[in-house]
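Remarks on the structure that follows.
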Amino acid sequence: EFNLSFRYATNAIKTSKYNVFTFLPLNLFEQFQRIANAYFLVLLVLQVIPQISSLSWFTTVVPLILVLSFTAAKDALDDINRHRSDNRVNNRKVQVLIDRKLCSETWMNVQVGDIIKLENNQFVTVTTLCCCFDTSRSSHICCVPPRLLLRETNLKVRQALPVTGELGEDIGKLADFNGEVRCEPPNNRLDRFTGTLTFAGQKYSLDNEKILLRGCTLRNTEWCFGLVLFAGPETKLMQNCGRSTFKRTSIDRLMNILVLCIFGFLAFMCFVLAIGNYIWETNEGSGFTVFLPREDGVSAGFSTFLTFWSYIIILNTVVPISLYVSVEIIRLGNSFYIDWDRKMYHANSDTPAEARTTTLNEELGQIKYVFSDKTGTLTQNIMVFNKCSINGKSYGYVGDDQRPEIFKSKNAVDFSFNPLADPRFVFHDHSLVEAVKLESPEVHTFFRLLALCHTVMAEEKTEGELSYQAQSPDEGALVTAARNFGFVFRSRTPDSISIVEMGNQLSYELLAILDFNNVRKRMSVIVRSPEGKLSLYCKGADTLIYEKLHPSCSKLMDLTTEHLNEFAGEGLRTLALAYKDLDEEYFDQWKRRHHEASTSLDDREGQLDLLYEEIEKDLLLLGATAIEDKLQDGVPQTIEQLAKADIKVWVLTGDKQETAENIGYSCNLLREEMTEVFVISGHSVDEVHQELRLLSKTLFPYRSRALHLFDPSSLTELLLTGDYGLVINGHSLAYALEHSMELDFLRTACLCKAVICCRVTPLQKAQVVELVKKYKRAVTLAIGDGANDVSMIKAAHIGVGISGQEGMQAVLSSDYSFAQFRFLQRLLLVHGRWSYLRMCKFLRYFFYKNFTFTFVHFWFAFFCGFSAQLGLEMSYWTAVNTFFVLGSLAMYFAVTFTLYSNGMFLILPTAFPFLGTGRNSLSQPSVWLTVLLTSILCVLPVVTYRFLLTQLCPSINDKARQAKATPPPPSQRARIRRTSSRRSGYAFSHAQGYGDLVTSGRYLRRPAVPRPSGFANMGRATTGFSPMGRSAGYSPTGRPQNAKAENVEVTSLQMYRTIQDPAL
């Protein structure tokens, strides 16, 4: 009842968007936000107005309904799947402590403050505080693989507070437990939790290790009781389920611009035709009112207004109503091609390629920059303990590393003296085993540190068969190495670690864990040995460990540094190890301050970091480890092919500089034939700025060109005479990414063929990607395999996740996923090129078809008096459109499968760069020339037919129209010589002759009638008629001919011209 008063969120999950009643209105509202759909809705309204409609309303309703129905069906299917997922999760069963007994309830009815019981392998659907576990197996410790939350394969350790762990499975004690939890508000931070538990007047710190998050699965314990802290939408999983940033392609942006331009062009055409209608109605329309009478009150201006909207309806085919649906169908098909590609299937892990989005396929064909992680992306992320340095002496295989593996295995160390050794572990230096057997103090301390300083969980199903579950492959490799050299980690509890040292079972009291994070880059543990000695063991990045060393270690540090450089030069991953003995009195004081900081709700992490820095100083150096992480298959060939395609690869890694450089040479990113490989390693703003300036002078020895390079208004890539590489450290990158130097750094990096950023944090990875996106008009791609690559993957235009050893969090955040880096070559050079060319060809054909068909109606308007009449019958219209659509699809697939093959793009990768949407889709002159020629060919037969018909078989109207259009100039008649009037009058007559007048004799007896000085009024009321032209009485003598005689029947041309003849 107390918790109900706060009105916490219920545990019912709803990820769906619609229900039965809201689907239709909401979905239609969303669809009509598209400009094309809204336009056709307005067009449908116009078509029901009889004064302006020349088309039946179903010509718009049918395609509009098809488009809306297709989209609605897709949205409905997606939402039905969401409903099913919600119901499946909400109706799962769980045991809840109600009225001092366990009752079965559905997850949707669980509330904040309830105590629930979870069992082994059970799915967790609330954020739960661990109260107690089955102590017969785990001693208040459990493992949870956050598969749904992070898709991680490695187990995460969770433990209960000792005060709650003592409650056990006693239902009565659990029901009587009266404590208060105060914690942070709901948020999406998966890596941290801050809270306190107050019980019996004592405060206990709550952190992420005490919490079971929604999406986890319980392991390594039979049961667990927990207190519900967050439910439903307030859990961290649901807080992270917000809408991802919608990534739009350049094709999408181009289509939106084109649709707006098409609207403007349509309005312009309709305006031109409306003006033509006004001119025609004003000058010629009055002659057609006899058989096309105007309605009352309809003037030429109003007719123009109606004509404008009529042509909006007739020319609607220029607006692509089906464009968006057609594009989505093509993209869906391209996604299936990626999913079905057997050459991108990894048989060893049974992992096919997956297109997790259907909207970015054509963008794969325009990639200019690839940002890649190293560990697990370029390498296999299967760690093997290879070499080490202890007290200034290097151990490990020191012969020719190019020797066959068979020879190496024959010289492997025999670990038969250790019954708990891992038989899969191989080492090649016998001197290290001898040092262990001789009980060298430094060597024993070295391996004791590896056996104690970690968060690995051990599981021993049978005696002597140990199985380790580590949060990272590095930790697993180090603990396994210590195990084989006689320091075996056996088990752990919240306050102890059990190991076997050279056959002796020992238990160390675990007093504190100073955990690893991306900022500290190190981990420490404080333990008390069975003899009561307090010690701090630390391992981490060598640069940070060196800062914490005691001055007496300077000589040993120099020797170890030489070994670290040697290890890194061989491409090995290195860690430095150090320790110190603690004073009991000082530690008690530090422990009290640590407890106060760990129970604080304000800036807990900052206070703890200060305490960690305080105690992690004056360390004594032990040595360093070197772990081998081999390259994946096909990585050098892939990077070489991408370079040929003018795609630049940048590697962003957390490894040290030497390791990254060696991997760069191994994978052909850096090459020996490069002109120079620049290194930026400044430790201040001025140093980094000076190094960038020196690089600019090296690249461009002339001052003017160097100044142009750093001109903020220019980011064009200049041509260099050689190939250059760039390597920059994380501390230097932090300065280079500042606003004052980011342009300098970007220009320098973009001029290099390869860029490697070392010792970078996940945030810096994302910042580098954002920098290129901000200033370079290029499409970027980020590829990684771990949680530290998520920010980089989300920042790039396209994110690719590799399902490797570090789980699936990168895959969940990506747009495309596969198992090996080498598949990137096929994704870009084959599928990206295919998708881009298909889309460009489709767009060109689509607009060509629409414009060509529309121009036919536009041209016909000049032959029908701009009267908004259809130039093509509806049956012809539909048949031709259907034929061209289906025929074009058939021809497209036939030509594609006949002429194209995937091997062509792998053989000729230099033909890959097809960058720039507009340049390749609609700005090619051949496209517009084709549209123009096609339009001309469509109207040329009509023009030719009308011209020949007028010249060869003219009608009476054609003759009258010609005569009126070209009357003979009066001034020319005086200059014409007089010849036979009969010959002239007969030869130039194009109408019916007047032989009947000649034979009647009236023509010869009557005198010629003089030509009148004016024209009479037009109309049906006139009784006299005089035809135009030379047949109307003109002769070279200047005397009129063919005058109107009495009792002669009036011809049909009388409506055009009459002459009042008093003599007749």
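For all residues, glycine too, the Cβ spot is worked out from N, Cα and C.
What TrEMBL says about this protein:
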| type | residues | note |
| --- | --- | --- |
| ACT_SITE | D373 | active site, 4-aspartylphosphate intermediate |
| BINDING | D373, K374, T375, E475, F516, K539, R573, T653, G654, D655, R759, K765, N788, D789 | ATP binding site |
| BINDING | D373, T375, D785, D789 | Mg(2+) binding site |
| DOMAIN | 5-61 | domain 'P-type ATPase N-terminal' |
| DOMAIN | 811-869 | domain 'P-type ATPase C-terminal' |
| REGION | 960-981 | region 'Disordered' |
| TRANSMEM | 55-73 | transmembrane segment |
| TRANSMEM | 257-280 | transmembrane segment |
| TRANSMEM | 300-325 | transmembrane segment |
| TRANSMEM | 846-870 | transmembrane segment |
| TRANSMEM | 890-915 | transmembrane segment |
| TRANSMEM | 927-948 | transmembrane segment |
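Of all Cβ atoms in the shown protein chains, 24 besides its own fall within 10 Å of the Cβ of R573 (ATP binding site). Cβ neighbours of F516 (ATP binding site) (same chain, under 8 Å, six or more residues apart in sequence): R522, M523, G540.
Counting only same-chain residues 6+ beyond the ends of the transmembrane segment (300-325), those with a CB under 8 A from a CB of the stretch are 34, 36-37, 39-40, 43, 46-47, 49, 51-55, 60, 63-64, 66-67, 70-71, 255, 259, 262-263, 265-266, 269-271, 273-275, 277-278, 281-282, 285, 294, 846-847, 850-851, 853-854, 857-858, 861, 866-868, 870. Cβ packing within 10 Å was compared across the binding-site residues T375, N788, and the lowest neighbour count falls to N788.
Across the range of the domain 'P-type ATPase C-terminal' (811-869), the DSSP-based residue counts are 40 helix, 3 strand, 16 coil. Its Cβ placed at the centre, D373 (active site, 4-aspartylphosphate intermediate) has 29 other Cβ atoms within 10 Å. Cβ neighbour count for G654 (ATP binding site): 24 (other Cβ atoms within 10 Å of its Cβ, all protein chains included). R759 (ATP binding site) counts 21 other C-beta atoms within 10 Å of its own C-beta, drawing on all protein chains shown. Only D373, of the recorded positions D373, D785, D789, have a C-alpha within 10 angstroms of the C-alpha of G654 (ATP binding site).
Long-range Cβ neighbours of D789 (Mg(2+) binding site) (same chain, at least 6 residues apart, Cβ-Cβ under 8 Å): D373, T377, P762, K765, A782, I783, G801, A810.
Summarised by DSSP class, the composition of the domain 'P-type ATPase N-terminal' (5-61) is 28 helix, 0 strand, 29 coil.
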